[in-house]
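Report on the following structure.
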């Protein structure tokens, strides 16, 4: 089993004919993803060749959904057009929209997030997407790091997602979700925790957080009240100075809020075991699973 | 990006929010000329991007041009919480009758917008909100419909602001939307003794990601430092206080690497993210920036190849060391490569046999090695 994305998911790629779109569509196909359509305004009626697979290109999301039954959209569109592209996917009723683009203005995210409420699950922006190993991949997470298994992973950071997938590759994952590091994102840690809790294919959860905001504190409160599966966490940024943005737009310690220490303490108070490094986090997960057996 | 007070007020003025008359001076003589032009008592205000200016002596009244010149001389060059005062705002003195607080901001937690308005202004709003939560009205704003005249009147009434303040609230919301701001704050918003509403101070944080929608010249003068050089090369670089230079791909992994280096007993000298899909050139640029920092005693390159290919990273290291020549020697470079094309990358580095480079196969081991080398160097 998996959350949000399965072998039955039919994926369309917005911006497929661009350089990034082409490259990552090829990788998604190689990972077993059923990519059924591309969308590029003005290029409808063409098709794109990916070795043995030819994918039709449509001029609009609505048309692509109508013709192919796509139910997931992955957005590789430059920042200035991303807001419009996501709103188009929402209007077309696509149930899951994964926004890879980095550098989307926050106002655009707030707007499409509001429009999507109750209609479309949005993941991202500025995220690596999600992968259900062995089934499907929507985004840019490398597919060959790990295998199918029973751990769920939710992370603000792309490369830390890969690092933990790698450290626990022998155990394998149900689904790994990169939710993105922007101040406002469509899907939160809590949304993923809820889905993993309900997924019979997931036995334990890895949660990766970062400095900035209070998403980890909120996740901790949710875990304390609603999650019965074991959760192991890692928080990056203990050495980050106040007031400096550390890479992600949202990764900033403001005054006393948003520190890694505060997040770690909140998670531990909720019964979550928190590693000080990625490797220690992986060890904690192993011991938690060994104890559960 | 935070704006200076005078830049925030310029935006307010452009959107019809009343602000005191005034202008910016970089020298005492300029301050004198502005005060003479205003022809009334003025206030000299240090333009620094930090709070607590008043307590630090960065805000001073002046009765006329001569004292404006004197006070500006005292404030210019002043260090306020580590921020050097390069310019002052010379502004017509305003007599407040009542002070309020008004802000609109992006609410990270809810993924929406939030209005915060209070009938008590002029003090630390965080403290007020903590000590007396009811003193601050917090209202979510619908991102699609926004704040219209009716919402603004409701906000003003709930927070105990006079009716004529509602228009300023509505306009302040327009500043947030029109300028792609993450925060617009007026503290204090005042009602003067002659019943005028005026924004006496302002703070605006703009969203750098939306810069393409706006024509602005907000560039700070470049000091030619490493941070400016890194920015010019499109690298994400933050200078820190320690001795281990850290380069990696992806913000999360680099932050994590800093933590692991600290755990190994050394202090990181910087944060440098080469980003996703980094080319050999980007890697070379990054290494050059780090080795230009004399505080760096060892370098740790930590890459988990995903979109980034480790062979490109390895080629970048080799290229950079060729370019750097003598400057690349002396300081050890510890490299850990995993993920996409890691084996190929490791082989490229092995075959290059550069005396400064050594490879370690795990993140923890590499951090410990780099920390030890920095301490022993």
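Every residue gets a Cβ built from N, Cα and C, even glycine.
The domain 'CoA-binding' feature in TrEMBL is assigned to A:4-104. What TrEMBL records for A:17, A:18, A:19, A:20, A:43, A:100, A:101, A:102 is CoA binding site. TrEMBL lists A:162 with the feature substrate binding site. Annotated active site, tele-phosphohistidine intermediate per TrEMBL: A:248, in sequence order.
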The residue listed as 'substrate binding site' and residue A:19 (CoA binding site), Cα-Cα, nearest whole angstrom: 23
Fewest Cβ neighbours within 10 Å, where candidates are the recorded positions A:43, A:248: A:43
Residue A:248 (active site, tele-phosphohistidine intermediate) versus residue A:101 (CoA binding site) - Cα distance in angstrom: 13
Distant-in-sequence Cβ neighbours of residue A:100 (CoA binding site), under 8 Å, six or more positions away: A:20, A:24, A:74, A:75, A:76, A:124, A:125, A:126, A:127, A:128, A:129, A:139, A:140
Residues from A:17, A:18, A:101, A:162, A:248 facing chain B - recorded positions, CB under 8 A: A:162, A:248
For the domain 'CoA-binding' (A:4-104), the mean pLDDT of the predicted model: 96
Distant-in-sequence Cβ neighbours of residue A:162 (substrate binding site), under 8 Å, six or more positions away: A:141, A:142, A:145
Alpha-carbon spacing, residue A:102 (CoA binding site) to the residue listed as 'active site, tele-phosphohistidine intermediate', which is rounded to whole Å: 9
Per DSSP, three-state class assigned to residue A:20 (CoA binding site): helix
Binding-site residues listed as A:17, A:18, A:19, A:20, least Cβ neighbours within 10 Å: A:19
Local backbone state of residue A:162 (substrate binding site), from DSSP in three classes: helix
